[in-house]
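Novice: If you scroll down you'll find the structure; I have some questions about it.
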């Protein structure tokens, strides 16, 4: 009873604070403060969950990503925070999950059950309280069923009143007294604000009120990290021999495939080592995009396909086949050769960075390659230790989660622009328009390197969708002026260090 009452009061308070913190603001220190408040209430409501390491890790990751929103304020830090908060909420609601994708899915399901959860919460309070059989209790029970019609009546009334002057005059005439009261409520009414206000309560409802979703939990509880030998008891000797023969045939087919593809990959690796590792010449490459995008993508596809084949063959009883030593050794060799292929992909990325600089998609290839190496290592563990496919999903999903948290530690726009402009070899080859259209946080670097940009500018004008053809200096001036104006419109709730640093830089130049 006490927890329900406290949660209800917190729900109302946080709903009002949500509107104050985020309406007409950008994400910054408001996100960190609100997250701390919300996490504190969740920990009060689900105290048992804090004993579980996975819950603690998700809380730490969520708070770290919130801090990075305040520090770097990059798009990726905001997206990672939202995803991490959903995972954390799902784990706090149900700490028995061992993965991150199931609590994420459970939270999403809970998000779409908010309205029923509201009413169930009111009903639970009525049942547990002493007012159940009083007039107040009966009134609350009736209100539970009339809330939605009343809510939508108010929404549509406000919409029609705002959008249609004739309807507004009609309500003035027919409901003058009643309208006088409504007018005081809707004098400063704004449909976007009202939608935002309701959305805040809806979002909080999906976080604070949880309806158990047993399907995912039951499915996960049946999963194990280790494979089990599937034995089928049969008295029919002929059927038993047929099953053994099928296993031997599957083993033979797997062995032929793994060995033959090993030979093929060995030839590919020899070619890459000779051409990319030892005798690479930049002058021989006419199109580096083919080298990276087509070449690297095909090699990554080859690695993923190889992993899929090994997962298929080592999914069941071949793991327990007594004569599978040669197949396992061939599989280990295949994994090692895929690791060498990965190094060739990494070299292609390096050569491309050396010639054309950094960009988000190019960095993304490297990140994906790192996750692929983690996948190869866990695949080795699966085969050598008879681990299950569930084990691979669990470990690799947590690895991806940690990787995305690490990505929030870098201000990528600043890092990419700084790298590209500080390497003289790139001066004649970088995409200047790409550098000039990075976020406002990179503006100080662009201004500091204005002379260098002018020297290497291969075209005199760039295109901007809001203007016609404008010069680089005009474009930068427009961006700076727009940034300073927008920065001054926000309150301290939107403060973040990256924007503050850029604003201070331009202020010091103007003095």
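Every residue, even glycine, has its Cβ placed from backbone N, Cα and C.
A TrEMBL annotation is a machine prediction, not a hand-curated record.
As the structure is a computational prediction, the values presented were derived from the model and not from experiment.
According to TrEMBL, the record shows the following:
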- 5-23: transmembrane segment (TRANSMEM)
- 29-46: transmembrane segment (TRANSMEM)
- 58-88: transmembrane segment (TRANSMEM)
- 100-119: transmembrane segment (TRANSMEM)
- 140-160: transmembrane segment (TRANSMEM)
- 191-210: transmembrane segment (TRANSMEM)
- 251-276: transmembrane segment (TRANSMEM)
- 296-314: transmembrane segment (TRANSMEM)
- 330-353: transmembrane segment (TRANSMEM)
- 359-380: transmembrane segment (TRANSMEM)
- 401-421: transmembrane segment (TRANSMEM)
Novice: With a Cβ cut-off under 8 Å, give me the same-chain residues at least six positions beyond the ends of the transmembrane segment (401-421) that come close to it.
Specialist: 61, 64-65, 68-69, 72, 74, 76-77, 80-81, 83-84, 87, 100, 357-360, 363, 367, 370-371, 430, 435, 438-439, 441-442, 445-446, 449, 452-453, 498
Novice: Would the transmembrane segment (296-314) count as touching the transmembrane segment (359-380), if touching means at least three Cβ pairs under 8 Å and pairs must be 6 or more apart in sequence?
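Specialist: By the criterion, they touch.
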Novice: Excluding the flanking five residues on each side, which residues at least 6 beyond the ends of the transmembrane segment (251-276) place their CB within less than 8 Å of a CB in that stretch?
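Specialist: Same-chain residues near the transmembrane segment (251-276) but 6 or more away: 302, 306, 309-310, 313, 318, 321, 323-324, 326-327, 330-331, 333-334, 337-338, 340-341, 344, 347-348, 351.
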Novice: Counting Cβ pairs under 8 Å that sit 6 or more residues apart, are there three or more between the transmembrane segment (5-23) and the transmembrane segment (191-210)?
Specialist: yes
Novice: Quickly jot the same-chain residues contacting the transmembrane segment (58-88) by Cβ under 8 Å, restricted to those at least six beyond its ends, or write none.
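Specialist: Contacts of the transmembrane segment (58-88) (Cβ under 8 Å, skipping residues fewer than 6 from its ends): 26-29, 31-32, 35-36, 39, 100, 103-104, 107-108, 401-402, 404-405, 407-413, 439, 441, 495-499.
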Novice: When you scan the chain for residues with a C-beta under 8 Å from the transmembrane segment (191-210), skipping those not six or more beyond its ends, what do you find?
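Specialist: Apart from its flanks, the transmembrane segment (191-210) reaches 7, 10-11, 14-15, 18-19, 22-23, 38, 41-42, 45, 89, 93-94, 107, 110-111, 113-115, 117-118, 120-121, 155, 158-159, 162.
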